[in-house]
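Chemist: Below you will find the structure I want to go over with you.
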Amino acid sequence: MENVVLVGPMGAGKSTIARGLAAVLKRSFVDADAEIERRTGVDIPTIFEFEGEEGFRQRETEMLRELLERENIVLATGGGVVMRPENRELLKQHCVLYLRVPVAEQFRRTRKSRRRPLLNAAGDPRQRLEELFRIRDPLYQEVATIVLQGRNQRVRDAVRAACEALQARRPDLCPLQTRRDEQA
C-alpha cells in the first residue's frame, strides 16, 4: 500500500501536520528523524558532529528505505531527504505532500532552535535558509504529488487543508468526508 510522506524545509511543520494527518487517516505516524535518534541513542546534531552531514545522510537513506517498506504510514521526513537521488526515487513511489513555506516563515519558526545543525554553523541563518530553499525547492517539487502552501495557520486547519488536497488528488488515500462535503 502506498504511504503518505511529508517533505519540506525545516520549520515547515512536517512532523506536526503528519501526526494530525495520520490520526485523521487512521494510519501510523512515523517521524524519520526521531526514529534515527531513537535507534542511535543520540540526537541529530550529535550525529552531524561525529559523522558529518554525509554520515547523517547515509543513515537517513537507510532509514527511509526501511520505513517506506512499511504499509499504511504517514511519514514525516527530514528537510534534506531530497538531496540524494536514490531518496527521490524512493519518495516518488508514494504520495508525497510538499509543505512549501516562505523563508521568512521558516526563519521565524527556527531562529531560536539549537537542534538545527545546518543553521547552527557559522554564518547568517536566514541567508542559509535562503540558500537551502534555492537548492532544495526544485527537488521537493520533483517528488511532490501535492504542493501545499504553508501559511501561519492553526494545526487543525493545516491538517484539514492536507486532507482536502489528498481528497482532490488521491481520494483512494483519503476516503473521508470534509465539512465542505457535508454542507453540499
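Cβ atoms here come from the backbone N, Cα and C positions, even for glycine.
What TrEMBL lists as ATP binding site is G11, A12, G13, K14, S15, T16, R116, Q153. TrEMBL lists S15 with the feature Mg(2+) binding site. The annotation substrate binding site is assigned in TrEMBL to D33, R57, G79, R136.
How buried are the listed features, and what sits near them?
Modeler: When Cβ atoms from all protein chains are considered, those within 10 Å of Q153 (ATP binding site) total 12, not counting its own.
The C-beta environment of S15 (ATP binding site), restricted to residues of the same chain at least 6 apart in sequence and closer than 8 Å, consists of D31, D33, A34, A76.
In this structure, G79 (substrate binding site) belongs to neither helix nor strand by DSSP; it is coil. Here the Cβ of G79 (substrate binding site) has 21 other Cβ atoms within 10 Å, regardless of which shown protein chain they belong to.
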Chemist: Taking each of the binding-site residues K14, R136 in turn and counting other Cβ atoms within 10 Å of its Cβ, which one has the fewest?
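Modeler: Result for the binding-site residues K14, R136: minimum number of other Cβ atoms within 10 Å at R136.
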Chemist: When you rank R57, G79, R136 by Cα distance to A12 (ATP binding site), which of the binding-site residues ends up on top as the closest?
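Modeler: The smallest Cα gap between A12 (ATP binding site) and any of the binding-site residues is with G79.
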Chemist: Which are the residues of the chain, D33, R57, G79, R136 excluded, whose CB is within 8 A of where the CB atoms of the substrate site average out, their centroid?
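Modeler: The answer, listed by sequence position, is M10, E60, T77, G78, G80, V81, V82, M83.
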Chemist: If I take the alpha carbons of G13 (ATP binding site) and R136 (substrate binding site), what is the distance between them in whole Å?
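Modeler: Checking the Cα atoms of G13 (ATP binding site) and R136 (substrate binding site) gives a distance of 16 Å.
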Chemist: Tell me, in order along the sequence, which binding-site residues from G11, K14, T16, Q153 have their CA within 10 Å of G79 (substrate binding site).
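Modeler: Near G79 (substrate binding site) by Cα: G11, K14.
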